[in-house]
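Pulled from Swiss-Prot, these are the features on record:
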- 12-485: domain 'UvrD-like helicase ATP-binding' (DOMAIN)
- A33, A34, A35, G36, S37, G38, K39, T40: ATP binding site (BINDING)
- 505-805: domain 'UvrD-like helicase C-terminal' (DOMAIN)
Amino acid sequence: MIENWPQKPEGSQWTDDQWKAVVANGRDILVAAAAGSGKTAVLVERIIKKIIREENPVDVDRLLVVTFTNAAAQEMKNRIGEALEKVLIDGPGSQHIRKQLSLLNKASISTIHSFCLQVIRGYYYMLDVDPRFRIANQTENELLKEEVLDDILEEEYGIEDNSIFFELVDRYTSDRSDDDLQRMILALHTESRAHPNPEKWLDKLVEAYDVEGKTIEDLVYASYLLEDVKFQLETAEKHIRKATELAMLPDGPAPRVETLQADLALLGTLSSAARGSWTSVYEAMQNVSWQTLKRIKKSDYNEDVVKRVDSLRNKAKDEVKKLQEELFSRRPESFLRDFQDMHPVLEKLVKLVKVFTERFQAIKRDKGMVDFTDLEHFCLQILSEQSEDGEMKPSAVALQYRNKFAEVLVDEYQDTNFVQESIIKFVTKDFESEGNLFMVGDVKQSIYRFRLAEPGLFLGKYKRFTQEGSGGGMKIDLAKNFRSRHEVLAGTNFIFKQIMGEEVGEIDYDADAELKLGASYPEGEDVAAELLCIQQTEEEVQDGEEGAEVEKAQLEARLMAQRIKAMVDSGYAVYDRKTDSMRPVQYRDFVILLRSMPWAPQIMEELKLQGIPVYADLATGYFEATEVNIMMNVFRVIDNPMQDIPLAAVLRSPIVGLNDEELATLRAHGKKGSFYEVMSSFLKGAPLEEEQELHDKLEWFYKLLQGWREFARQQSLSDLIWKVYGETGYYDFVGGLPAGKQRQANLRVLYDRARQYEATSFRGLFRFLRFIERILERGDDMGTARALGEQEDVVRIMTIHKSKGLEFPVVFVAGLGRRFNTQDLMKRFLLHKDFGFGSQFIDPRKRIKYTTLSQLAIKRKMKMELIAEEMRVLYVALTRAKEKLILIGTVKDANKEMEKWLDAREHSEWLLPDHIRAGASCYLDWIAPSLYRHRDSEMLLELGQGNIPGEIYEYSASWKVEVVEGKDLLAPEPVQEEKQELLEALRDKKAVPLESERKEEVYDRLMWKYGYEDATSHRAKQSVTEIKRNYQSEEGSDNAFIKKLRAPIKTRPRFMEKKGLTYAERGTAVHAVMQHVDLKKPITIEVLQEQIARMVNKELLTFEQAEEIAIEKVISFFDSDLGKRVLAAKSVEREVPFTMMLSAEEAYQDWQGKKGESILVQGVIDCMIEEEDGITLIDFKTDTIEGKFPGGFDQAKPTLEDRYKVQLSLYAKALEKSLKHPVKEKCLYFFDGNHVVNIEE
């Protein structure tokens, strides 16, 4: 129980709260772990402590650990495995720890879906499902849904007496299609599956529209909207109070005070009615009458103050007017009539959803496939049964799991949904006060509501649990951040203390939620957080809204490029924890975070123009790639050659190679009919002499096309694709174009996608093309195949969602002026987990439509949830930075925006007014008003502290706030008219007259010789091994670079693979063993065998490599004098990688190029030992020596010294440069014969 917690050890690295999270038990525990607070380390330590404790240790397979991703589950297993191995070192005889290591692989450490799969596999006989089922591909799932839905609607259209269905169709479809109705059915199906009992949720949705015998006060929508009415009236009241304050200033329009006070009285009456009922507000709204403002002579008063007073009063009147128009222009009973009228239609809609769900499940069952929601619901079906009162209760299987699991630990709990919560509930104990559920997460980082994650589950427990755990569950706050500098944390806290609250934001950013400094950094320069606001003037914007967006992306990209280049060129210093020192910033240290990726291509282009290497994992552009587009058109033509546009595209492409004139000639042969019919007719006749070339091209293609069409009917799609690649030569052709490897990779991806498609339940080319269309309709373009890896030294661009869990020294958060995506709020129908279904009232006979109460309530609720989600997304973005945070946004009229943001300066509390926070349309609407209350904004505003409380104005954060003129970032228009004419002449292949002033320049360029020709035949980066070979070669390095380009050696055929490992593979295996051998244990055959087995288990060695290792030779080394020195050394480092700069003359014997040139050398040192009198370098060799030299080892020794002298000299030089200590001895150790060779200079 709680009283028996172990005390935190002396000198422990854990904070008090972390230790509490590690050892607390006896009830359900919720750990609210802030960004960078070490939650994974805490979770692993808790598991380890449970496994290794002396009293009642728990077997690892009696713990259920639920992670958010498979990668996180694997990392968790690895960490636990490493921790157990460390424990085993201290107590090698512990059978319990050995048992845990053997149980680890089958322990329940996985995603919730993997756990569901485990339950279903074990109890499939309780379900109507084939035990050999497979997980459905997402696109395959969508196509199946489409098929099922088409069949259902076709049946409904065929029923004669089906008036309610046709009423539904009339209301929710257009003249052209019933796509909207299909979308409604699919959306309701998806939303229902996010609930433990989908049918029950659907039934409640219909019940909400059954208003027989009810008043408007009984409707949940009305009660919710009344709260919103109060909110808007409070906002209006604040505007009038502020206007009154301004009017009463010495230079304010005092005559208007009387009118403003009457306004306050009117708003007070409305607010009083809102505290009553809907009807009372309706009646009060009918009597609203605003007094006319008294005329004043504006010159007698401060004109700006008068404008401000009038503006605030107009805002207040607009708030009331909006309420009148949206909610109180109709009598309450008319809203009830809407519900009555829509009830039978909605009932029919829900019936269709239920039929669809039943049929869809049946077809998946027939095809032996399930999707991820099926996994959750099937698992829940096994774990639950219905009680007498109709509620769900644990089944016998669930009780078995309860007995099995000593504790259930859930990572990223804030991203759990209702179904997953039910599954977890059924395998854990009933009562929170005696529970065994341990949950870790941060609701401030819950950013997956679009995946139906429910942050309310976390929030409910956080509010309910106490820090003492009295009477229920316990909550523990981990607020210390071990990732970021003080400036990043203080800057983030300063913003979120002002914008995140329970009413707007769903959680209070209080003292417990604030980020607290846990990391230590050396003093740094220029580490203040920054806000750069770009002013985009109207003149700079072209092509309307779309042009403005492109312009914003370009402006922000240029500003970021300037900053990145400046920071890299100046050697801006960042802290490197590995070396515990400051180092110059590299491109890999930068990340650019975006809310979504539409701007990414423009930003990439701008950065590349500035010479900045950049990488973005774009999920778009694949099907737009020219080579993919052409191939897709080929397949469309194979499927149906009567399609003119695809066929014309193929004929015009390099595959056939017709030019515009030839295409026109072909069309002229038949003005009617399709291109294909014209082509067929043209090929049947005898061509004119001038048309012979055209005839030959078309004949070649026509024969291929007929062959492909026949092949497509009989063979697999993937074989067809490869056949087309080969017979057209197009795959080889694109390989010769610029970015050829990328293009070929794209074509291979298309082939792979066809293979994936063929693994589904669909077949054939037509279905494949439909499959691809569905991908594009869903917006799931795949992105081009990767040509640049994520580990390169490049600036990364990614979405904020992708960055979650990552950290970077320098973070740019861009696009902060882009509007929030509110498209979901504009749909014809809305769905909500609590409020169900809402849509416009549509009367097709009268041709009228208007907003309903349910639609207004759901829209308001979804808007507030969207605002809360966007706050959490911003929090994730800001907390990725370790050392430097730079925020960038663009506005069209900075002065106008600043005037709006300055409203916040008058507010006297930390949390900004609700209407400012709820009315935000972009991130800048939160960030700028917050920063305008900080002293560091004075560099921009020069307004003084005013009424801002000192604790806010003087808050310890450091900020730089700057407005950047967009016109200063735009490059001048390129190129003079003369140059343009020259380019056009060259493009048209016309002779260019050479004027005398250009003559010398042209000749110089034509006769130019590259000044570093020798460098082209020598690599700028070499490995030590390559340099060694260069010195051994009689030819030196002449043409060595060209030799590297020879065709790669093919993989050994399978019939040769059985003959064992190559010498190189054996050597690699021995080096791996020497790297991992535990020097603290006695080096015996048993210990080495156990170690090799562990390495095989971890996939560090293959079984074949393990069998080939001569253990006795490893033992011989440690029995030798040199091996004993290794065991006795002060410190031992193995497999030490290094890079260093070396002069080209040292690296290449034949270097004739410029003196002073350097090359980058890289290598790995096998072993270095530090003894009392210095450092010794050891290189292990597996060369075969015995029997190869007639004179034995004495004859071999000079040859071996000569062979490896250069290599070890370079190793020694690298060590001496990095360690600043001389290497006293360089040794070669040969396992064959147990020989040691000392290398002398």
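Every residue, even glycine, has its Cβ placed from backbone N, Cα and C.
For the domain 'UvrD-like helicase ATP-binding' (12-485), the predicted model reports an average pLDDT of 93. What surrounds the ATP site, by Cβ distance within 8 Å of the Cβ centroid and not counting A33, A34, A35, G36, S37, G38, K39, T40, is the set V42, D442, L478, N481, F482 from the same chain.
For the binding-site residues shown (A33, A35), fewest C-beta neighbours within 10 angstroms: A35. In sequence order, V31, A33, D411, V440, G441, D442, L478 constitute the residues six or more apart from K39 (ATP binding site) in its chain with CB-CB distances below 8 Å. Shown in sequence order, N481, F482, R483, S484, L515, G518, A519, E807, T879 are the residues of the chain, 6+ apart in sequence, with a C-beta less than 8 angstroms from the C-beta of G36 (ATP binding site). Counting every protein chain shown, 27 other Cβ atoms lie within 10 Å of the Cβ of S37 (ATP binding site).
Within 10 Å of the Cβ of T40 (ATP binding site) there are 17 other Cβ atoms, across all protein chains. Of all the Cβ atoms in the protein chains shown, 22 others lie within 10 Å of the Cβ of G38 (ATP binding site). Classification of T40 (ATP binding site) by DSSP places it within a helix.
Residues near A34 (ATP binding site) in space but far in sequence (CB under 8 A, at least 6 apart, same chain), listed by position: D442, K444, D477, L478, A479, K480, N481, A513, L515, T879.
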